[in-house]
Amino acid sequence: MDYPTLLLALLHVYRALCEEVLWHTSVPFAENMSLECVYPSMGILTQVEWFKIGTQQDSIAIFSPTHGMVIRKPYAERVYFLNSTMASNNMTLFFRNASEDDVGYYSCSLYTYPQGTWQKVIQVVQSDSFEAAVPSNSHIVSEPGKNVTLTCQPQMTWPVQAVRWEKIQPRQIDLLTYCNLVHGRNFTSKFPRQIVSNCSHGRWSVIVIPDVTVSDSGLYRCYLQASAGENETFVMRLTVAEGKTDNQYTLFVAGGTVLLLLFVISITTIIVIFLNRRRRRERRDLFTESWDTQKAPNNYRSPISTSQPTNQSMDDTREDIYVNYPTFSRRPKTRV
């Protein structure tokens, strides 16, 4: 191999390693995981192929309605599809007994007629839960059916180079929109929900979620990247609840806080009263024991004086005596 050819090969590898891979969905690594690929349109499917993206694209599996399914040898025992006939538009790839070597980027490429090529890139990362590591900066509450506008304004002074909006869920992050303001490129999202966004130079970045439903609730992240290397992140939590406006939600939270405070005060009062009663009872018992101890040596009674008159007692013991005697006749005796 001559020097120019070697240099071009090294340059190609360097660009492949350094170039940022734009993904549509990010999922955490697991031994048994699924990479979702659902084609939104109803065109005629001609071929589907899964790749793992690295320095080059390694083919994992390929399906054709005419020739059937072929899974490449390194993945034959580790991946499968639920719908073996591929009659539907769901081309989700399932892993069994995956290893850390399976962390990386995957591409699901569909070829349809007459729409053409449709591609989705999925990133597999080492993470337990996405929501747990992302605190929110603000909270927005809305009723179903309304249009919700999410806005982030950078504090950086450098010109913004790229803006990325994401929806964060516990087991998945979906890219909503990506704007490269330097090259004027808008990365097409594969998110099944319609999102309206502006991709223009300015101090604000805005997305609009029309006709929101309860399923739109969650965390939304705005990621701003400056040309000087500075980055800023804003996270907003959206709650879509039936019949609850911002004021009603605030009243609900305030009422719950007041009830919780009253409950804590009641419990504290009961505990204080119980401790005071217990303390008084212990003091009373201690005083009684001390009094009995002091009184025990003088526990005697004065003798009753016999010289004192007992008239009252004698009077009380006097009783009337009744005698039964025969009745004698009062007639005079007859003299002889």
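Positions of Cβ are set from backbone N, Cα and C atoms, glycine also.
According to Swiss-Prot:
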type: SIGNAL; residues: 1-18; note: signal peptide
type: DOMAIN; residues: 19-126; note: domain 'Ig-like C2-type 1'
type: CARBOHYD; residues: Asn32; note: N-linked glycosylation site
type: DISULFID; residues: Cys37-Cys108; note: disulfide bond
type: CARBOHYD; residues: Asn83; note: N-linked glycosylation site
type: CARBOHYD; residues: Asn90; note: N-linked glycosylation site
type: CARBOHYD; residues: Asn97; note: N-linked glycosylation site
type: CARBOHYD; residues: Asn147; note: N-linked glycosylation site
type: DISULFID; residues: Cys152-Cys222; note: disulfide bond
type: DISULFID; residues: Cys179-Cys199; note: disulfide bond
type: CARBOHYD; residues: Asn186; note: N-linked glycosylation site
type: CARBOHYD; residues: Asn198; note: N-linked glycosylation site
type: CARBOHYD; residues: Asn231; note: N-linked glycosylation site
type: TRANSMEM; residues: 255-275; note: transmembrane segment
type: TOPO_DOM; residues: 276-336; note: topological domain 'Cytoplasmic'
type: REGION; residues: 297-316; note: region 'Disordered'
type: MOD_RES; residues: Tyr322; note: phosphotyrosine
If you average per-residue pLDDT over the domain 'Ig-like C2-type 1' (19-126), what number do you get?
88
Spatial neighbours, same chain, of Asn198 (N-linked glycosylation site) - Cβ under 8 Å, 6+ residues apart:
Ser205, Val206
Look up Cys222 (disulfide bond) in the DSSP assignment and reduce it to helix, strand or coil.
strand
Sparsest Cβ surroundings (other CB atoms within 10 Å) among the disulfide-bonded residues Cys108, Cys152, Cys179, Cys199, Cys222:
Cys199
For the domain 'Ig-like C2-type 1' (19-126), jot down how many residues DSSP puts in helix, in strand and in coil.
6 helix, 55 strand, 47 coil
Nearest of the recorded positions (Asn97, Cys108, Cys199, Cys222) to Asn90 (N-linked glycosylation site), judged by Cα-Cα distance:
Cys108
Do you know which of the recorded positions Asn32, Cys37, Asn90, Asn186, Asn231 has the most other C-beta atoms within 10 angstroms of its C-beta?
Cys37
Counting across all protein chains shown, how many other Cβ atoms sit within 10 Å of the Cβ of Asn97 (N-linked glycosylation site)?
9
Please work out the number of neighbouring Cβ atoms within 10 Å of the Cβ of Asn147 (N-linked glycosylation site), leaving out its own Cβ.
11
Reported as an integer number of Å, what is the Cα distance between Asn231 (N-linked glycosylation site) and Asn147 (N-linked glycosylation site)?
28
Do you know offhand how many angstrom separate Cys222 (disulfide bond) and Cys179 (disulfide bond) by C-alpha?
11
Can you tell me how far the Cα of Asn147 (N-linked glycosylation site) sits from the Cα of Cys199 (disulfide bond), in Å?
19
Which one is it: of the recorded positions Asn32, Cys37, Cys108, Cys199, whose Cα lies the shortest distance from the Cα of Asn97 (N-linked glycosylation site)?
Asn32
Just checking: which of Asn32, Cys37, Cys108, Cys152, Asn186 have a Cα that is within 10 Å of the Cα of Cys199 (disulfide bond), counting only these recorded positions?
Asn186
In Å, rounded, how far does the Cα of Cys37 (disulfide bond) sit from the Cα of Asn186 (N-linked glycosylation site)?
21
